[in-house]
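Residues annotated as transmembrane segment in TrEMBL: 23-46, 91-118, 138-160, 198-223, 235-258, 270-290. Here TrEMBL flags 39-288 as domain 'G-protein coupled receptors family 1 profile'.
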Amino acid sequence: MLNFTDVTEFILLGLTSRREWQVLSFIIFLLVYVVTVVGNIGMILLIKVSPQLSSPMYFFLSHLSFVDVWFSSNVTPKMLENLLSETKTISYAGCLVQCFFFIALVHVEVFILAVMAFDRYMAIGDPLLYGSKMSRTVCIRLISFPYVYGFLVSLAATLWTYGLYFCGKIEINHFYCADPPLIKMACAGTFVKEYTMLILAGINFVYSLTVVILSYLFILIAIVRMNSAEGRRKAFSTCGSHLTAVVMFYGTLIFMYLRRPTEESVEQGKMVAVFYTTVIPMLNPMIYSLRNRDVKEAMNKVISRTILTK
C-alpha cells in the first residue's frame with residue numbers, strides 16, 4: 001500500500017488506446033485549443049480597447065474569458081503531449097498541481113457566472129441606479145470573491161488527496177488528474193476524500209446556482225413589467241448568452257461530480273469532461289460575440305480601424 005507521496009508518477013489512460021484515433025484526436029484538440037486561446041484572448045483585448053464595452057457586464061466577461069484560457073491550458077497541453085507519447089505519464093507533483101488548478105478554476109468559473117447573473121439583475125431590475133450601485137469598487141470586490149474562495153476551497157480539497165492510498169495500481173482512467181478516477185483507483189483513504197468532494201461540489205454548485213436562479217427570477221419579473229417591446233428584446237438578448245453558458249457548464253459539471261465514482265460513472269465522466277474542458281471554453285467567446293450586438297459592433301469598429309491604419 002503506497003501513500004500518495006510515495007507514488008512517483010501516474011499513467012493517464014486517456015480517451016482511447018487506438019493509435020490512429022490518437023493522431024486524429026491530437027489534430028482536433030490542437031485546433032480546438034488554438035481557437036480557445038485566440039478567441040478568449042481576443043475577447044479580453046476587444047473589451048480592453050472598446051469604450052462601448054466598458055460596462056460591468058463586459059468587465060466580468062473579460063474575467064470569464066481569462067479563466068477559460070487557464071482552465072483549458074491546465075488540461076489540454078498535457079493531453080496533447082500524451083496523445084503522441086508512448087509513456088503517457090504524469091508525475092505525482094504534476095498530478096497534484098493539475099488537480100489543484102482544476103478544482104480552483106471550476107469554482108472560480110461557477111461563481112463568476114453567478115456574479116454575472118446578479119449583474120444582469122441589477123442592470124435590468126434597477127437601470128437608473130445601475131451605474132452607482134455597480135461601481136468599479138463594487139465590481140472589483142464581486143470578482144475578487146470567486147478567485148479567493150475558489151483557490152481556498154481547492155487548497156483544502158487537494159490536501160485531502162494526500163489521504164489516498166494506492167495498492168500498486170497507478171493507471172488513471174482519464175486524460176487528466178481528476179478526483180473521481182483517483183478515488184476509484186485508490187484502495188484506502190477514499191471515505192473522507194469522496195464525501196468531501198460530494199459535499200463541497202454540492203454546496204458550492206447549489207449556492208452559486210441559487211444565485212443564478214433567483215437573479216433570473218427577478219429579471220423575468222422586471223421584464224414582464226416593461227412597457228417597451230424593444231426593452232424586453234434587449235433584455236432577453238443580453239441574458240440569452242449568459243444563460244447558454246450557465247446551462248452548458250453547470251450541466252456537465254453536475255453530471256461529472258455529483259455522483260459517486262464507479263467504473264461506469266468514471267467512463268461516462270471522461271467523455272463529458274472533453275466537453276467542459278475543451279469545447280465550452282472555446283464556445284464561450286463565440287456565444288457572447290454572435291449573440292451580442294454591442295460585441296459585434298465593437299469588433300467591426302476594431303477591424304475597420306485596423307484596416308484603415310494599414
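Including glycine, each Cβ sits where the backbone N, Cα and C put it.
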Within-chain partners of the transmembrane segment (270-290) [C-beta distance under 8 Å, separation at least 6 from its ends]: 15, 29, 32-33, 35-36, 39-40, 42-43, 61, 64-65, 68-69, 71-72, 75-76, 173-176, 178, 181, 241, 244-245, 248-249, 252-253, 255-256, 296, 299
Tertiary contacts of the transmembrane segment (91-118), as residues 6+ beyond its ends and Cβ separation under 8 Å: 4-5, 7-10, 57, 60-61, 63-64, 67-68, 70-71, 74-75, 78, 142-143, 145-147, 149-151, 153-155, 157-158, 161, 172, 176-179, 182, 204-205, 208-209, 211-212, 215-216, 242, 245-246, 249-250, 253
For the domain 'G-protein coupled receptors family 1 profile' (39-288), the mean pLDDT of the predicted model: 85
Cβ-Cβ under 8 Å with the transmembrane segment (198-223): same-chain residues at least 6 beyond its ends: 107, 110-111, 113-114, 117-118, 120-121, 124-125, 153, 156-157, 232, 235-236, 239, 243, 246, 250, 253-254, 257-258, 260
